[in-house]
Amino acid sequence: MGFHIYEIKARQIIDSRGNPTVEADVILEDGTYGRAAVPSGASTGINEAVELRDGDKSVYMGKGVLKAIENIKNIIAPELEGMSALNQVAIDRKMLELDGTPTKEKLGANAILAVSMATAKAAAKYLGLRPYQYLGAYKANILPTPMCNIINGGAHSDNSVDFQEFMIMPIGAKTFSEAIRMAAEVFHTLKGILSGKGYATSVGDEGGFAPNLKSNEEACEVIIEAIKKAGYEPGKDIAIALDPATSELYDPKTKKYVLKWSTKEELTSEQMVEYWAKWVEKYPIISIEDGMAEEDWDGWKKLTDKIGNKIQLVGDDLFVTNTSFLKKGIEMGVANSILIKVNQIGTLTETFEAVEMAKKAGYTAIVSHRSGETEDTTIADLVVALGTGQIKTGSLSRTDRIAKYNQLIRIEEELETTAEYHGKSVFYSIKQK
């Protein structure tokens, strides 16, 4: 029939930070093939699926992925060869069975995910479909509102800003292409403003600027200045989204949040909640990701009770794209949104299950890149297939980020009049003003 898996190849390639990562090719009997490369994160959740690294310090500083490659060639490939590529669930379940650990530490989530994504791409190609059409069927027509990273701090930079990502969301755009234009205009305007203030305009891992600003507040203020100067209204045309990555600031021993890159101030959970409540009043913020640490479930509950009806509260390190943690969050009434990172969980099937659970509970879902990316654009197709309406894939610079935006522009063009861009209405988990 031609749609059975004939061969699986795997290789070590380089990601956007110069570290090795896994790429896999799934080749079908008729010669059709799908190729996928996996990303990796800088700030990682303690409960994330395990990214298998070789640990040999004399090669790639211990970050080689040859063990994961060997696992694909020697363990995964012999079991999957001969299976139908059109049965994604069976393929993914077989790999989970072969691994047999909760965090995929035996075979490596990087090995499993590369094969999972490559299989879907091969199946789509075999059927003459785009990956978004194959994975999303008739529902795949919603283009996402992008979260564009424009200022980096914390673990993603070398400056005195505590919070990892300051992003803009073009919520007032009518189409995805217009959203990208608006974001790009603000990005270039911000560059001019930073340069005029004597700040460096070099970019961080995800393509945002990493200037040595004087405070966390200054980051919000220069972004608002850039939005206005570019001709847009903050909060109406373009809103701010944050990823403070507070797990990086949290000391589990003292249960305090330490603003270690700026004032060295120590805040209790209650004080951190008040901090965010003030910021939401002061700035046009629509979304905060990881506003509290992944171990601080009580703090998360307080934050959700305080501002969860005003803005989107996204669990990333908290949920690690895992249905068991998401279930706990839903039961406790913690957060109202989940960040979806395919490599945090390791298969497309589990990713779909997490999004399904979130939607049923009234939580939003955001498909996300990682700080170590490649030219692979699978997540662009995935966000349209899942219909989550939001994507987080970096700034308006660096090809590893732009590749995803360009793929979405192509998808929007291909969908023609059926393409929808929902802008602000994607935030169904909060009260709309």
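In case you wondered, yes, glycine gets a Cβ from its N, Cα and C as well.
Note that the structure is a prediction, hence the values are computed from the model and not measured.
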According to Swiss-Prot, D243, D316 bind Mg(2+); identify which of E217, E270, E274, E289 is listed for that same site.
E289
K327, K328, K392: which one does Swiss-Prot list with Q164, K341, R370, S371 for the (2R)-2-phosphoglycerate site?
K392
Are there residues of the same chain, six or more positions away from K392 ((2R)-2-phosphoglycerate binding site), whose CB falls under 8 angstroms from its CB, and which are they?
P146, M147, N149, M167, D243, L339, I366, V367, S368, H369
Specify the nearest of the recorded positions E206, E289, D316 to R370 ((2R)-2-phosphoglycerate binding site), where nearness means the distance between Cα atoms.
E206
Through the lens of DSSP with three states only, how would you label D243 (Mg(2+) binding site)?
strand
Inter-residue Cα distance where the pair is S371 ((2R)-2-phosphoglycerate binding site) and E206 (active site, proton donor), in Å:
6
According to DSSP, which of helix, strand or coil covers K392 ((2R)-2-phosphoglycerate binding site)?
strand
